[in-house]
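Trainee: According to Swiss-Prot:
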type    : residues                                               : note
BINDING : Ser24, Pro25, Ser26, Gly27, Ala28, Gly29, Lys30, Thr31 : ATP binding site
DOMAIN  : 17-196                                                 : domain 'Guanylate kinase-like'
Amino acid sequence: MSSDGYPAPIFRGRRRGVLLALSSPSGAGKTTLSKRLLSQNPDVVLSVSATTRKPRPGEVDGQDYHFISVDEFKKKIEDDEFFEWAEVFGRYYGTPKTPVMEAVEDGRDVVFDIDWQGAQALAAAAPDDAVRVFILPPSLALLEDRLRKRGQDTTEIIKDRMARAKDEISHWHEYDYVIVNDDFARALEKLNEILHAERLKRLRHPWLEEFVDAIMEQ
């Protein structure tokens, strides 16, 4: 009993984390949105993918990507160590399972910056934990303009990215939520609202079953 005569509060356990998969065509803003989301939420971490591509200037192994060889990557595929993996522009990318599930079980939310195929694979592997959000650009013309202004790709690569953008966008209806990124602040606000709502879902709180049982026994 507590000092005021009421039963002592029942311990409320840690919630289960959310696997938040963000997808969009290249240049639609999902990377910037995910970084800002992380900066505003201390319990949110970014899933660090493994890749066979070479590090770009300023990238840190284990922070931006796990940079591994093709042989190492293929061995991990054989050992079923990835939630999902894909070959993009001749390079392999994959999402390691172990660190992700450790974070989720510890009550942290994990953000994934992945394509539609990766989002599908993640949802199939962890249907109760995964939440898929698609980020749409206001228009394809604006998307192409953003890619050109970045100055990172050749004209040929931009052309290929635009073709891939249409394919990516065609899968928008497979997602749980869709955000049109025509205003960054509003798009970020919507993303935070989605995360906060998903955190409240019953399945994220496994402690509730024991909590309710205890109430019923009073």
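Cβ atoms here come from the backbone N, Cα and C positions, even for glycine.
Values in this document were obtained by computation on a predicted structure and should not be read as measured data.
Where in this structure would I find these features, and how exposed are they?
Mentor: Of all Cβ atoms in the protein chains displayed, 15 besides its own lie within 10 Å of the Cβ of Thr31 (ATP binding site).
Taken together, the residues of the domain 'Guanylate kinase-like' (17-196) have an average pLDDT of 92.
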Trainee: If you skip the near sequence neighbours and keep only those at least six away, which residues in the chain come within under 8 angstroms of Gly27 (ATP binding site), Cβ to Cβ?
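Mentor: Gly27 (ATP binding site) has long-range Cβ partners Pro137, Leu143, Glu144, Arg146, Leu147, Arg150, Arg161, Ala165.
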Trainee: Taking the mean position of the Cβ atoms of Ser24, Pro25, Ser26, Gly27, Ala28, Gly29, Lys30, Thr31 as the ATP site, which residues outside that list, in the same chain, have a Cβ no more than 8 Å away, listed in sequence order?
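Mentor: Leaving out the recorded residues gives Ile135, Pro137, Leu143, Asn181.
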Trainee: Comparing the binding-site residues Ser24, Ser26, which residue's C-beta has the most other C-beta atoms within 10 angstroms in this structure?
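Mentor: Neighbour-count leader: Ser24.
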